Structures are given as structure tokens and as C-alpha cells.
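This is the structure I want to talk about, given as C-alpha cells.
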Amino acid sequence: MGHTSYAVVDLETTGNQLDYDEIIQIGITFVSNNKISGTYHSMIRTDLDIPPFIQALTSIEDTMLEQAPYFHEIAQEIYKQLKDRVFVAHNVDFDLNFIKKAFQNCNIDFKPKKVLDTLELFKIAYPTDKSYQLSELAEAHDIPLDNAHRADEDATTTALLMIKAFQKFEQLPIDTLKQLYYLSKNLKYDLFNVLFEMVRQHENSPLDNQYGQFEQIIYKKQIDLKAPKTSFNGSLKDLYSEVVKSLNLTYRPQQLYLSEIILEQLMHNDKAMIEAPLGSGKSLAYLLAALMYNIETGRHVMISTNTKLLQNQLLLKDIPSINQALNFKINATLIKSKSEYISLGLISQILKDETTNYEVNILKMQLLTWIIETETGDIQDLNLKGGQKMYFDQKIETYVPVRHDMHYYNYIKRNAHHIQIGITNHAHLIHSDQENSIYQLFDDCIIDEAHRLPDYALNQVTNDLDYSDLKYQLGLIGKNENEKLLKAIDKLEQQRILERLDIAPIDVFGLKMNISEIHDLNERLFNHIFEIIQNSDVYDDDIHRHHYVFEFDSTQILKDLHLIVDKINKTLEIFNGMTHKTIKTLRKQLLYINDTYRNIEQSLKDKHTAYLSIRNLTQKSTIKLIVKDYAVRDILTTRVLDKFNSLTFISGTLTFNHKFDAFKNWFKEDVHFNTYQVPSTLSNHANTNVYIPSDVSSYNFKNIDDYVASIVDYIQEYVTITDSKCLVLFTSYRMMHMVQELLNELPTFEDYVVLTQQQNQNYKIVQQFNNFDKTILLGTSTFFEGFDYQAKGIKCVMIAKLPFMNKYNTKHWLMDSEFDSTFKDYVLPDAVTRFRQGLGRLIRNEDDQGLIVSFDDRLVSSNYKNFFAQTLENYKQKKGDIKQFSKLVNKIQHNIDANK
């Protein structure tokens, strides 16, 4: 690394508006030779008020800056610290622009010669990290960060992560390092200087035996599984007792009972539905049952979970714990569809692609660092999003495998006979059709969080025509001979002429004209769809922020689709008999696009359920046409029920009105299921109150202002007494934002952080909610699925409305043909399940103090109130006005304070 010196900078500011906000803290950590060589830190005085959100985030209050210097008083000192060093920051634009502006105000022209963005660096060095927020990076890489969002600690943490990334790069094989260097020239900042020094100083040594080489790619070799050596002389009860004792867990008869039930289904090839309450230890129960079954019969067991989080918990925590307890080595692995695994030939093609787009360039570098450490080749590890995902998906679709290709899915197939427990998720389980031979090796399956299975099945029964996706796919072909694949074809024809290649002549002009016409026909199709939307009744479910048209005439759409499909077919005829790789790639891309149009055309001809979606009513680019091709019941029957001899469905919420009938309705009628309800380990919810306000009028759209004002009154009463956090759940964004506006206007909430749910930001918001003491989280009904609600005092959830899906929710429309009464058979059970899930996850143990406030009096006064009674029967229920609510909260708070 030579003698390069780095200044790793972190700033805290009063906000993110460069023209208005000011720096309130600076932290600098100096790095030389991969070691921290010093630090600099100062609070900075400002005449601006520090907003409550910034105070909560940074723990910096106005009083802490009273004795601090203004920036101009220490500007020269800071400038001297920075001027001859590489300027480094995490998301460097923010810090660099703020400090440049601060220097500019002091008549100092600060222009660092070299700049490094650790956000860019960490994406390349740590390609599988779920998040590149500093606090999460620190946690993932075991670097202490006690006070996130304090400049001094953040700067040091960033520096330590940077050093770790540098050290990782220095250990890479020289061929990988060189490729990273060449690619880094297309980055925004100066990482290429760092990599150049590493290449220059790299010791040339033979390639380590743990690595292999495919063309120019260095990859980590896979180690085949060994035959399992797991044996146990004793019963399942003995196995359970030994594991519980060894791991110092509580012996729970209900947990053993659950495990015994599951083993019985496996041994007798039965199909069962089991309701086991949250907190009953389901994971350990079914893992031990699967292990015992494998020991006694030698047969594999598939376990399907709802989330990647639970998959990782099973593979990285629960199974290793059992191995430790029994001194075993259980062969358990993740099972997915073939398309979810990488091939080295695909990576090679991506690296050879001349695309210099910034995100694609980052992806190329990520692939190089990932493939040298992955043992599975699981594409999902890369957490691809946005443009990267679109690009990658297109490359998969158009990839023509080379003969000597190495596909990571073959490792799973090769080792399948040694796998004892396969772990998958609901989406892959349902998506896995006949092409996934690996699933056919499993005769027995346990499905956890089974209540979510129909949602995943619903995702598999639709096809869509997406304007933005089709525009992107057609764009990859190009519109003239100077663009994308058309450019490659034109180049091939020039080579044929100049080098006399032994291939048939290509009608480049005719091809270009056809492709141009396909572009125009696509625009015409979506112009017609846009016109239909503008002239139709448009509905909004107020959750997904999309607009929908459910009833429309598809005559013109079918005519347009026919013209496009016909034109693509005629274009494909140009390539008849041609086998060159470039032509194969273009042909495959055209076939992919053609299939998209053709499938929708056939579905509309067959009068399948369909609807139009548009995210922005003024933008054609946000249009989708969605059609339903299969019944959810058929998908669940053929892809789940008929696939396994033994099948066990487990969830904390499988019953509706104390019966399994609603869940049974998802499958064909002639199947017998054994049904079990495991008693809860929490005998009652004595510490939890359900409160129904009597002074809030029943909701209707005419009284929404009064309804919202009542919700805010109760929130205000609660926080005034407890001085603590609160979660408020809504079924519409409109009502949520109305409450937010009122909260922001009231002085009571000046020192509170009001968080509102944003799409794709749930994880981040939950983290903030759990980290802050004085915060209010406003979320939609997606939070009814629950999360790890952390609170020092009362866990309070206020429910604006029960979690019924909006009547304009697309699920409602798609499922209407599958039930005699969509409300009674689908919507109501779904609402009750969501309600039960939310409450069940709120109260996790006997010590939790819970308060649930339901403003929706349908909970106790509607025709279907009895269906919610199953959820509430173990809770204390109270009804009263806001004064009685105040007394109840005071009483609960007094009890908590007395027990401290």
C-alpha cells in the first residue's frame, strides 16, 4: 500500500439540505499502512436548532454545543489534517459536499486530489452483505460500534471496515486483483489507485489448491458432502432430552409432543395440519423429528420456510446447535431451483460484455470477489436490486451455455443422496416444477409458517406484460445497427464479408427494419392500454400505491398483440439454419420477448381473469397488464400436495373459528388431513389488555377527519403518561399520513421521532423504532405479520382498522372465481389470521406487558365478531372512553415502575 495516508471522515449535521443545514460534529480517523495512526474529533457549534429526529439519531442536543467552536474557528486546523491525505467517507458525496461548503464559507478552497467512497468499496469487498448501512456492516463484520451516528465512532468504524476490505483484496489471487483493477477505472472515485498499488506489490505465487480456474475466472472449489455418520440408540424422547440438556434449554412437554406428532406423520406417510402457537419451539421440534426419521429410515426430509431469515436460522444456528449437542454432522443444505444458481460460463459472458454502466460495472466486480468465496453459487446471496437485477435476469434469459460450462446446481444434484435435511422456501417449493429434479428426491416435506403458502401460490398463477420491462428487453436488442445486439450482428456481417467467414449472409437492413417496427408496435400496444385506463373507472387499494382497472375490453389489445407476435415470428425466420453464437443470443432474446407477448395473448383469448395496473396515472411507463392463468388450489395441489408422500403443515395460525376448514379449502376435497392443535406454553395473556374505545364513532369515509383526530387523542394520552414508544397500524396510506400530519402539528410530539412506513424500507424503520425510546411508528397492515418489537416498558399497539384487505385489492379480484363467497371464505379468514399473527408476535413471553387498542369496533360489534373471539379469548378485554383509558395506562405503568 506504499505510504498512502487516508483521512476517514464522518460528519453529523442538522439535516441533509446542503444549502441550509450545518455541521454539528466532525470525526476523522487517520490510516496508514493498514493501521489507525491517529484521530481528530470536535463538536461544532451552530445557530440552527437541532431537529428532534437528529437529536434522537445522534444523541447530540443543543446544550452539548454551547461550549463548542464554530466551524470557522477550527477550519484551518481541519484543513491541515485533510489536505495531503486521501479523503474517505461512507457515501462520500454527503460528507465531501458539506465540508467543501463549510470550507468555502471560510474562503478555503478544499479540493482533495484523491477521494474514496467506502460505500462503493464495501459493495465490492462484501458483495453478499444485506445492507451497506454502517451499523449493519459493523455488526456483520464484528467491529464494535456502540454509538452509531456519532461522528468520531462512525469514522473509526469506517476506517476499520476499510482496512479489513483492503486486507481482503490483498489476499486475492493476482488474476482476480488485476481484473478488479481494470474494472475499477470505470468507478466514480479513486479505488483504482489503491488496487494498482496492490497489484504492483502482489507476490506472484502459484494458485492455491482451494481455487480453480475457468477461462479468466478464479473460483473457490466445492467440496463434496461425505456420507452422513449420524446414529442414535434411543427414542425421540431420549433424543429430545439429550439435546435440551446439552444446550441448557428448558424441557417443554408441548415441544416434545409437537416433535412426536411430526415424526408420526413422517413414519406413516400421512398428511397433517398442526397449529402450534408462537413461542412453542417449532423449529427444534421439527428438526429433531426430521433427524430421527432420517436415522431410522435413511430417507431425506424437505423443510420449507417462509423467509430467508428463518432459513438462515435453521442452517446457521439451529442445526449447528443440534450438531454440537449430539456430536453429529448433519448434512443439511439449501435447496433451490436451478435458475437460482450461477454458472461460471454466465459470469464469463457478463465480464466480456462491453457495457460500462456504473451499476453493471459494480456487479462485475462483485461477481469476481463473490465467486472466489462462495461454496454454493446461490445467486440470491448477491441481493441484486433495481438495474443490476434487470441486467442480470436478462443475461440469464439470453445466456447460451458453453460446452465446458460449470454450473453450481450440479453440486446439489451430485450430493443429493448424502443430504439428510433440505431447506427451501415456499416460493421455490411452489415454483419447482418438473425441471427441478432435485425436489423429486424428497418424499417427505414439513412446511413451517404454512398460513403464508397461498400467498406464494398466488404469485405463481399470474403472468404480466410490463411496459418498463419490455422497453428494457427491446432496448437490449437496439433500434439500429449502432446499438447493442444489432451492433454485434452488423459487426458479424462485416466480418463475414472482410474475413470470408463460412456463415450465411445476414440481411442486416431487413432485420433493423423489423426490429424498429417491433419497437413501434410495442408503443402502439401500450398507447392503447393507456387510453383504456384514461377512459375507465380506476380504483386504488391504498396500500400498494397503484391504480387498477378491473373491467376492460381486450379486443384492441389482442389485435396489437397478434401483430407483434406475427412480426417477431417473421423476424426469427431470418435466422433459420444459422448457428453462430451471436445470432443464437439475439434469437434467444427475441424468443424470450415473443413468449411474453404470446402467453398474454393466449390468456386473454381464453378469457382468463385480468386487470390493468398503473403506478402513476400520467406515466405510460408504469403500466402492467396482469392475467391469472391457474387456480391457486390447482397450484397448491399439483406442486405441493401431490409431490410428497408425507406432508406436514405447521403454523401458529392455521385454524379459523377453531377449525382447519379454511386452510383445507386450498386443496382438493378428497384428501384426508390429520389435524392437531398444540396447547400454548403461555397459559394466558394476563399481562396484556385489549382496549376498545367507546367514544370513537364507527368509521366511514364521511367521518374520517373525526376518526383520525380520535386516534391522535389516544396516542397523545398514551405518550403523555408513559413517555415511551407506540406502534399504530393502518390499512390505508391516506389515513396514516393524516395522523402523521396531526402528530407533527402538536407540541406534545416535538421531542418524538414519528416514523412512517415506506415501501421496501420496513427493516430499516423497525431498527430505528427499536433503537429509539421516544418514537411512534405508523405502519400499514403488512406489520400485522409481526416483528421483534423491543420496548423497556409497555408494548403498545394501536389498530386504526382491522386488517381486512381493501375490496379493490388485486388479491380480491384474482381470487373471486375460486370461492362461493370471497369475503366469507377468503377475506375474513385472511383478516383474522393477520390479526392473530400480529398479537401472537407482540407478546413473546410471560414478562411482556402488552396493550392493544382497537379503534375499529367491528372487533366486538360486527356480524363476524365471533371469528375474532378466538384471538381475544385469553386477553383481558376492556371497553371505555379516553378517561378510563388513561386510568388503565396509569395502572399498567405504575405496576411496571413498582417492579423495577
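The backbone N, Cα and C atoms fix where each Cβ goes, and this holds for glycine too.
Model, not experiment: these values are computed from the prediction.
The ATP binding site annotation in Swiss-Prot covers A276, P277, L278, G279, S280, G281, K282, S283. Swiss-Prot lists 8-161 with the feature domain 'Exonuclease'. What Swiss-Prot records for 241-496 is domain 'Helicase ATP-binding'. The domain 'Helicase C-terminal' annotation in Swiss-Prot covers 713-893 and rests on sequence analysis. Swiss-Prot lists 448-451 with the feature motif 'DEAH box'.
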Return one of helix, strand or coil for P277 (ATP binding site), based on DSSP.
coil
Tell me the Cβ neighbour count for S280 (ATP binding site), meaning other Cβ atoms within 10 Å of its Cβ, over all protein chains shown.
23
Determine the most Cβ-crowded residue among the binding-site residues A276, L278, using a 10 Å radius around each Cβ and all protein chains in the structure.
A276
Among all protein chains shown, how many Cβ atoms are found within 10 Å of the Cβ of G279 (ATP binding site), not counting that one?
18
Relative to the Cβ of S283 (ATP binding site), which residues of the same chain, six or more apart in sequence, are found under 8 Å away?
L310, Q313, L314, D318, D448
Near the Cβ of G281 (ATP binding site), how many other Cβ atoms are there if near means within 10 Å?
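Summing over all protein chains shown, G281 (ATP binding site) has 18 other Cβ atoms within 10 Å.
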Using other CB atoms within 10 angstroms as the count, which residue among the binding-site residues P277, K282 scores least?
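So among P277, K282, the binding-site residues given, the one with the fewest Cβ atoms within 10 Å is P277.
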